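J.: Straight from TrEMBL, here's the annotation block:
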| type | residues | note |
| --- | --- | --- |
| BINDING | 30, 31, 32, 33, 34, 35, 155 | substrate binding site |
| ACT_SITE | 105 | active site, proton acceptor |
């Protein structure tokens with residue numbers, strides 16, 4: 001009887017840990033620092049995305065490059081820079097959405113390149129996450145951004161809405177608010193009727 005119970009418990013724990021392991025393997029973490037910080041934006045192509053919270057990528061800076069016809073301006077990227085950091089949104093997605101995310105980021109047309117980064121949470125946890133950077137990276141850091149490297153108003157609005165939605169630090173929100181646009185409206189998005197929260201309103 002005792003042997004039977006031991007075998008039963010052993011089978012139960014084996015099955016339990018197999019399910020937990022399989023469940024963990026079926027998900028991945030993604031760090032968004034641009035338009036995909038906004039839930040309404042990322043859920044267009046990636047319905048399984050769950051916001052975990054804010055995260056910080058150390059040793060990189062936020063920059064813009066490579067004109068996008070869709071956005072009518074330059075989208076964002078992260079560039080190695082030992083003196084900078086980038087705040088963004090940590091998402092957990094099912095692996096079933098991995099190909100959707102890659103396609104949304106333009107991996108298939110060689111616009112963005114996926115890579116892994118270590119993200120630090122506000123609680124000082126370190127989380128290995130998928131991230132994307134432009135294949136055609138800006139060669140130099142320029143402040144203010146030159147006109148041919150600026151994002152459109154629609155793209156900046158989407159970033160600001162996502163940053164506020166995630167609850168990024170106020171000093172980083174101020175930094176985002178100071179980014180210059182290229183003077184073009186860009187596409188009319190479903191969320192563009194909403195005004196992004198400005199730093200003066202915090």
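Each position is counted from 1, following the chain as shown.
Even glycines carry a Cβ here, placed using N, Cα and C.
TrEMBL: automatically predicted annotations, no manual curation.
For each feature listed, report its degree of burial, its nearest neighbours and the pertinent distances within the displayed model.
T.: The secondary structure of residue 30 (substrate binding site), as reduced to three states from DSSP, is extended strand. Taking Cβ-Cβ distances under 8 Å and a sequence separation of 6 or more, the neighbours of residue 30 (substrate binding site) in its chain are 36, 49, 90, 91, 92, 93, 101, 129, 130, 131.
Neighbour count (other Cβ atoms within 10 Å of the Cβ, all protein chains): 24 for residue 105 (active site, proton acceptor). Following the DSSP three-state reduction, the secondary structure of residue 105 (active site, proton acceptor) is coil.
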J.: List the residues of the same chain that sit at least 6 positions away from residue 35 (substrate binding site) in sequence and have their Cβ under 8 Å from its Cβ, in sequence order, or write 'none'.
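T.: Those within reach of residue 35 (substrate binding site), by Cβ under 8 Å and sequence separation of 6 or more, are 41, 75, 76, 155, 158, 159, 162.
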J.: If you draw a 10 Å sphere around the Cβ of residue 34 (substrate binding site), how many other Cβ atoms fall inside it, taking every protein chain shown into account?
T.: 25
J.: Round to the nearest Å and give the CA-to-CA distance linking residue 32 (substrate binding site) with residue 105 (active site, proton acceptor).
T.: 11
